[in-house]
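**Q** Straight out of TrEMBL:
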| type | residues | note |
| --- | --- | --- |
| TRANSMEM | B:6-28 | transmembrane segment |
| TRANSMEM | B:35-54 | transmembrane segment |
| TRANSMEM | B:60-80 | transmembrane segment |
| TRANSMEM | B:92-116 | transmembrane segment |
| TRANSMEM | B:136-160 | transmembrane segment |
| TRANSMEM | B:191-210 | transmembrane segment |
| TRANSMEM | B:225-250 | transmembrane segment |
| TRANSMEM | B:257-277 | transmembrane segment |
Amino acid sequence: MNEPILRIRNIESFYGPIMAIRGVSLDVHPGQIVSILGANGAGKTTLMKTVSGVMDPEKGRITFDGQQIQGSEPHKVVQKGIVHVPEGREVFPLLTVDENLSLGAYTLSDKGQIDHDRDLVFSYFPVLKERRGQEAGTLSGGQQQMLAIGRGLMANPRIMLLDEPSLGLSPLLVQEIFGILKRLNDEQKMTMMLVEQNANAALELAHHGYVMEIGRIVMDGAADVLLQSEDIQNFYLGVQEEGARENRRWKRKKTWR
Amino acid sequence: MDNAQLLISGLANGCVYGLIALGFVLIYKATEAVNFAQGDFMMLGAFVTIGLTNTEYMGLPFWLALPISLMIMGALGYLIDRLIIRRLFGESQTAVVILTIALGFVIRFAAGLIWGHEPQTLQNPLAGKEIRFGGLVLGMEDVAVIVVTILLTWGLYVFFSKTKLGLAMQGASQNQLAAYYMGIPVKRVQGFIWALAGVVAGIAGILFAAKGSVDPTTGLLGIKAFAAAVIGGFGSLPGALAGGLIVGVIEPFASRYVAAGYSQIAPYALLLAVLIFRPHGLFSQVRVKKV
């Protein structure tokens, strides 16, 4: 397999005195979609923030395309080609859809490139074109999520970090948005790192999956293998196992929030 | 005719209030802190220009002194953010507010030391000229104040809506975290906003000193401008200007039709009324975040 574009090694991050990530290592290869699953508080969002430079790690290395980027300022990270589409959409509410997209391209200055990217975004999200003059705060939740993804695309990234794109959306909308993410990956070869609680949707989409639990990676594997795995089925997909086994493994005793 | 005269001079005063209020709102929107030294910035802008142009000081030509003093004010705003305010990054808003109040005192005393405590007027080419049309007699300075404010407002509008930096400033003030995610260097953008607030305060100071006299305590006018900003809806730029105009117009009318002393009370009475009946201000941009 080709060299990973993003390589995370032994990252430790703190929220004040609380250790939110306890030594995480993972790889994302070009053209891949990598999903990170885990319950609330597992440290998924913290991991994303550490990669995008909003938080600085205490220890460990993050290598992007051969360069170490841990602890860089966020705008430097965006310039290198990593864009973070944050949890909860975080659009600029009083700016129009068009202006939001323009700010997505803040780190670019080539006007031709920006226009091309805008057309690309509109081709994947036609609804944004219809509403380009509307204030982003007046869009529906699903449209705001599309805008957040489109705004991320405008940075012309080499990898997108997507934090819970399904948050608070109806199953139908989740299907639509994940469909678009799949097309972006197929057609534009967009590399993605996806954090999700909706394990089923995330594993359907991804090539590779990691499972995080209280700041650590406890499991990883090809997405289709994970989908079949008993643990994943029990704890994330809600599949009930028939018949109780004698030896309960540690995972099964856990309480889930 | 009398009323028209009152209206014009009220509007001219209101423009100055409005420009100071604009400075309040600019900084508030960008950093969520209120810069209570904004009025003192205005006073300082006036004195810097007086120091450059007036014959008893440096005696530079008026039109040369203008850009220089605006540059000085811009640099000052930027440096205050860079050297002082940014140190408080992550501290509570109260700390920043107290700091700016202290900063106001410092500027007031410094100005008193350098330029003295006597009221002074900016020597300018428009002084004493009048425009007459119909039965109106308008001071050239009043007209200039109104015209400059209109031009500046238009300029700011274009800057904020059409330029990349202006958009980035809006974005950073609406959603700071998202601005970081988009690769906007938020801290640098905030520095530019302080610089812009310094320039706007400088313009306000020049206009004020051209149509009346300034002394180091003039900066306390900032309180009235603060009231204007609240009336207009803190956080809205057009609101700040409109609030300033309303306060400016109310003053002369209150003293003409109620009683002389009421011109000082009227703006605050209006402030109370607005806070009671429309707590977000007259022109606020309030939107509920969708989840």
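Every residue gets a Cβ built from N, Cα and C, even glycine.
Automatic, uncurated: that is what TrEMBL annotation is.
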**Q** At a C-beta cut-off of under 8 Å, are there same-chain residues at least 6 beyond the transmembrane segment (B:191-210) that contact it? List them, or none.
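**A** Those are 15-16, 19-20, 22-23, 26-27, 30-31, 35, 38, 41-50, 66, 69-70, 72-78, 80-82, 85-86, 120-122, 124, 126-127, 141, 144-145, 148-149, 152, 156, 165, 169, 173, 218, 221, in sequence order.
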**Q** Mind checking which residues reach the transmembrane segment (B:92-116)? Cβ under 8 Å, same chain, six or more beyond either end.
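**A** Distant Cβ neighbours of the transmembrane segment (B:92-116) are 31-37, 39-41, 43-44, 47, 50-51, 80, 84-85, 216-217, 219, 222.
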**Q** Do any residues of this chain, six or more beyond the ends of the transmembrane segment (B:6-28), have a C-beta under 8 angstroms from a C-beta of it, and if so which?
**A** 34-35, 38-39, 41-42, 136, 138-139, 141-143, 145-146, 148-149, 152, 156, 193-194, 196-197, 200-201, 203-204, 207-208, 211, 221-222, 224-226, 228-229, 232, 234-237, 239-253, 256
